[in-house]
């Protein structure tokens, strides 16, 4: 090695004495005032060893330690909390405004009540003819009035075999007799003038008397419907009530019977009372027809018999 080469090496050693190294990038950044970035780079700079000629001759190399913790990432939310709060508030307002739109229902129509026209402005219908139905319960005569009768037992309390007499005048209790029917009191018969299908009913009401104290009387009491002429296909037109010794504990014993009968014009109907009681002397005096809950007999027209139909 010549003398010139030795002089050059001595000059290099004189500028970089032993134990020193070239200033790192971290030192330069620290001198310029970027402290945070200098600290970051200082963690990643491999330490130099001035004793080694290679370290003194070449600049330091940044090497990341795999086991060292990475610096925390920059959190955008932490830097802008007010912006995120404003966005959340706007979303809540939008949701509150949309809820009524999707939950809106159609209003229910108002209830409409149809009332009858004012009587003062009613039209004159005197010249119009209203048709009368021929099927109903009860039905009507040609004049439009219902054919109906209800007769109440008259002047009869004791139980004996007889034909009952009836109240037929309006106002006598609940008795009623319409057109198309008439009652002949002397014969005790109800006469049918309007032919057709009739609903006929009987109601028998009995009460114990004050002499019925022995609890021994028993038997039966009947109401028998009698028709002139006889009604076809009906053999049993009777209402029967059975009485027992214990029956006197009831203040009222009542039974009813009904039947649809086809009656012709001129048919005559009457009701017979039949009784059979035994078990004590004068047993027939222990029971009587009730009053004011009165035994009744009646009928009404269901369907008229019109030959031209």
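Positions of Cβ are set from backbone N, Cα and C atoms, glycine also.
Remember, predicted model here, so these are calculated numbers, not experimental data.
If you look up Swiss-Prot, you'll see 1-20 marked as region 'Disordered'.
Annotation source Swiss-Prot lists compositional bias 'Basic and acidic residues' at 1-16.
The transmembrane segment annotation in Swiss-Prot covers 83-103 and is backed by sequence analysis.
Taken from Swiss-Prot, the feature topological domain 'Extracellular' applies to 104-309.
Annotation comment: Swiss-Prot describes 139 (among others) as N-linked glycosylation site, evidence class sequence analysis.
The domain 'THD' annotation in Swiss-Prot covers 147-302 and rests on sequence analysis.
According to DSSP, residue 161 (N-linked glycosylation site) is assigned to coil rather than to any helix or strand. Long-range Cβ contacts of residue 161 (N-linked glycosylation site) within its own chain (separation 6+, distance under 8 Å): 272, 273, 274, 275. Here Swiss-Prot flags 161 (among others) as N-linked glycosylation site, drawing on sequence analysis.
Applying an 8 A CB threshold to same-chain residues 6+ apart, the list for residue 293 (N-linked glycosylation site) reads 205, 207, 252, 254. According to Swiss-Prot, the N-linked glycosylation site annotation covers 293 (among others), on the basis of sequence analysis.
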Tell me, roughly as an integer, the mean pLDDT over the topological domain 'Extracellular' (104-309). 79
